[in-house]
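Enquirer: Before I ask anything, here is the structure I am working with.
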Amino acid sequence: MARTTSQLYDAVPIQSSVVLCSCPSPSMVRSQTEPGSSPGIPSGVSRQGSTMDGTTAEARPSTNPLQQHPAQLPPQPRKKRPEDFKFGKILGEGSFSTVVLARELATSREYAIKILEKRHIIKENKVPYVTRERDVMSRLDHPFFVKLYFTFQDDEKLYFGLSYAKNGELLKYIRKIGSFDETCTRFYTAEIVSALEYLHGKGIIHRDLKPENILLNEDMHIQITDFGTAKVLSPESKQARANSFVGTAQYVSPELLTEKSACKSSDLWALGCIIYQLVAGLPPFRAGNEYLIFQKIIKLEYHFPEKFFPKARDLVEKLLVLDATKRLGCEEMEGYGPLKAHPFFETITWENLHQQTPPKLTAYLPAMSEDDEDCYGNYDNLLSQFGFMQVSSSSSSHSLSTVETSLPQRSGSNIEQYIHDLDTNSFELDLQFSEDEKRLLLEKQAGGNPWHQFVENNLILKMGPVDKRKGLFARRRQLLLTEGPHLYYVDPVNKVLKGEIPWSQELRPEAKNFKTFFVHTPNRTYYLMDPSGNAHKWCRKIQEVWRQQYQSNPDAAVQ
């Protein structure tokens, strides 16, 4: 018979050093349970357990007379309550929890408080995951892992006060800037290696290491999170593997697929995938569905794009090895010493990584052909430049000042001839048409332009082929700038709309050279290359439309 919520919680000695997944954007928790896992949260305590009020108790019986008379114990600090905090925005939501930013009223300190519904934990059979994360987090004390500061409860919920990783997921920055330069890749890889060395030294396998589970604190150092699927290897047991299927498809190790087991070396495989993604912008194993991804993993089917850093490539090749006992860093390969001595880390000082200043995040955009040039972009500089994009009478002179400001003029007055002369694959319209002329243009576009089907009946103002880059990979796309405004991009071979660059007041074009131009948005920078060498024309036209939208229409700027 199922226990009531109060009975469940009475059986759970919640410790002040215990935490569930603290990721601001928790990944989906799996439904599999470990063989031998208790169906409920055990009522016993760990090696240094806690009573319900958070006091520490020894697991062994005590003959101390003071402990036999609870009334003689010194008073304990008052447990925190929900009313001690001002709760703010939601940082993330998981399958059975919500993480909320909260400020403690007495100290003004900020925490990421994870809130769990007791009843839902029982109903959805999530007790094993609560137990697992409790056991793992109670063993960790390292700057590269999330920290639990306190726990408390009310009648319906459990609350866990966690360190607030202010800068969010590492994945967010990979998506924003595409690929990291070598200095950034080296530093963050070193921090992950240092964290794994500590974790594996504690006999713990993470089993779901990926950029989503690596957070960045206020100082841009990593904090690894999400231990719901971790495994603690018993020191009394010779078993060095965990026998259950957990993880995320792109980072799953081959032994998990073929033997249904994971080991410490499985985390090293995930490390190899992460290094590859930091440099290339995408994980090494990609396909249309999980089955195809798994097939590529067990066949070791991946390739390095051109301009991949040679030393980083060598390191990845020594980590993405099908035989788990042959991966650099595993116990069979003499542990972490040889891994940390790899030439990729030759400039790293390992002793005090958490006290070092992380390098500024810088995008790496190597030239795609011999007549191009490498481009680098500083993420911090980009964010500071967004401040100059505000539309007001006092700041309009700063808006998009990096590109030309004059509007192109249409030559001649014969609109029919103008329409007739338009190329069906690449052209640019000016913005000086009357409403009747725009109507004629739209009619012509609807009747004869093969790209009209993708633009939601908006008039195309400029279009042409570009190479759209994501990390070190580039794909040919048809870029369509329309009224609205919109920036659509289409697969020209399969004739499929692939996406849209989001317009906002903060959007900013930037020409890097004749071919390469960026479109900066708050959440991502789009890297584009015009094969005709007219990047400046794209920037000029995007600027025109931006100005018409936000300077000619002040109401749009405040929406």
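Counting starts with 1 at the first residue shown.
Cβ atoms are placed via backbone N, Cα and C, with glycine included.
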Enquirer: Per Swiss-Prot, which one of D84, D154, D181, D226 shares the ATP site with S95, F96, S97, K114, S163, Y164, A165, E169, E212?
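Expert: My reading of Swiss-Prot gives D226 as the candidate in that site.
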Enquirer: Going by Swiss-Prot, point out which residue in S6, S108, S244, S265 is annotated as phosphoserine.
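Expert: My reading of Swiss-Prot gives S244.
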Enquirer: Pick from 116-160, 296-340: which range has region 'PIF-pocket' per Swiss-Prot?
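Expert: That would be 116-160, the stretch labelled region 'PIF-pocket' in Swiss-Prot.
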Enquirer: Between S237, S369, S393, S532, which does Swiss-Prot record as phosphoserine?
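Expert: Record lookup in Swiss-Prot returns phosphoserine for S532.
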Enquirer: Within the domain 'PH' (462-553), how many residues are helix, strand or coil going by DSSP?
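Expert: Per DSSP, the residues of the domain 'PH' (462-553) fall into 16 helix, 47 strand, 29 coil.
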Enquirer: Can you count the other CB atoms that lie within 10 A of the CB of D208 (active site, proton acceptor)?
Expert: 26
Enquirer: In DSSP terms, helix, strand or coil for D208 (active site, proton acceptor)?
Expert: coil
Enquirer: Average the pLDDT scores across the domain 'PH' (462-553) and report the rounded value.
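Expert: Here the mean pLDDT over the domain 'PH' (462-553) amounts to 93.
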Enquirer: Based on DSSP, tally up the residues of the region 'PIF-pocket' (116-160) by helix, strand and coil.
Expert: 17 helix, 13 strand, 15 coil
